[in-house]
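One structure is given here, and the rest of the page talks about it.
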């Protein structure tokens, strides 16, 4: 083995042989036949550009070569900015983020905006931490059931509270949300 090391010393570069220039790495010099086959080979190798053979070149058609005027540009930009601003306002307000479930519609305030979580001024609890959305939904359902019972009692003050009537009122109230609004 020491004889092999002496004939090829470590760290000495070999000179390039003249047959490396025509080796397998030089595919440009390969004889591929006619020009069409050469172009196909280059295209398949990713080196050649395919010529456009379609009838319609993008941007050359008369209907697509319409340029906008300055007024149209301004109008389009204003519309886009207003749409962007509206979407950012609704996203930041968080009004549409809450999942309310099927058949639920928020009660409209006197100024036309829906009730947003955290804006209730008539709450009497002084809890410092805000409720999670799941807690507020379950609380709102129990509040709805209680308000339905109160409405039932207000409509029929002379009736004695019967557990059966109470159960019927709850089921009727729940059925209002189950039934489709489009009858």
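A Cβ is built for glycine as well, from the same backbone N, Cα and C atoms used for every other residue.
As annotated by Swiss-Prot, region 'Disordered' applies to 1-183.
In sequence order, the list of same-chain residues 6 or more apart from residue 13 (SUMO2 cross-link) whose Cβ falls under 8 Å from its Cβ is empty. Under the heading SUMO2 cross-link, Swiss-Prot lists 13 (among others), citing a large-scale study or a structure entry as support.
Positions annotated as phosphoserine by Swiss-Prot: 15 (among others).
Per Swiss-Prot, the feature phosphoserine maps to 17 (among others); the stated evidence is a large-scale study or a structure entry.
As annotated by Swiss-Prot, compositional bias 'Basic and acidic residues' applies to 48-78 (among others).
Here Swiss-Prot flags 62 (among others) as SUMO2 cross-link, drawing on a large-scale study or a structure entry.
According to Swiss-Prot, the phosphoserine annotation covers 63 (among others), on the basis of a large-scale study or a structure entry.
If you take the C-beta of residue 75 (SUMO2 cross-link) and look for same-chain residues 6 or more apart in sequence within under 8 angstroms, you find none. The feature SUMO2 cross-link is assigned by Swiss-Prot to 75 (among others).
Neighbours of residue 87 (phosphoserine), defined as other CB atoms within 10 A of its CB across all chains, total 10. Feature annotation from Swiss-Prot assigns phosphoserine to 87 (among others); the stated evidence is a large-scale study or a structure entry.
Look at Swiss-Prot and you will find 106-149 tagged as compositional bias 'Acidic residues'.
The phosphoserine feature in Swiss-Prot is assigned to 127 (among others); the stated evidence is a large-scale study or a structure entry.
Among the features that Swiss-Prot reports, phosphoserine is placed at 147 (among others).
If you look up Swiss-Prot, you'll see 153-171 (among others) marked as compositional bias 'Basic and acidic residues'.
Among the features that Swiss-Prot reports, N6-acetyllysine is placed at 174 (among others). Taking all protein chains in view, 14 other C-beta atoms sit within 10 angstroms of the C-beta of residue 174 (N6-acetyllysine).
As annotated by Swiss-Prot, N6-acetyllysine applies to 179 (among others), with the evidence given as a large-scale study or a structure entry.
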Taking just the CA atoms, what is the gap between residue 174 (N6-acetyllysine) and residue 87 (phosphoserine) in Å?
34
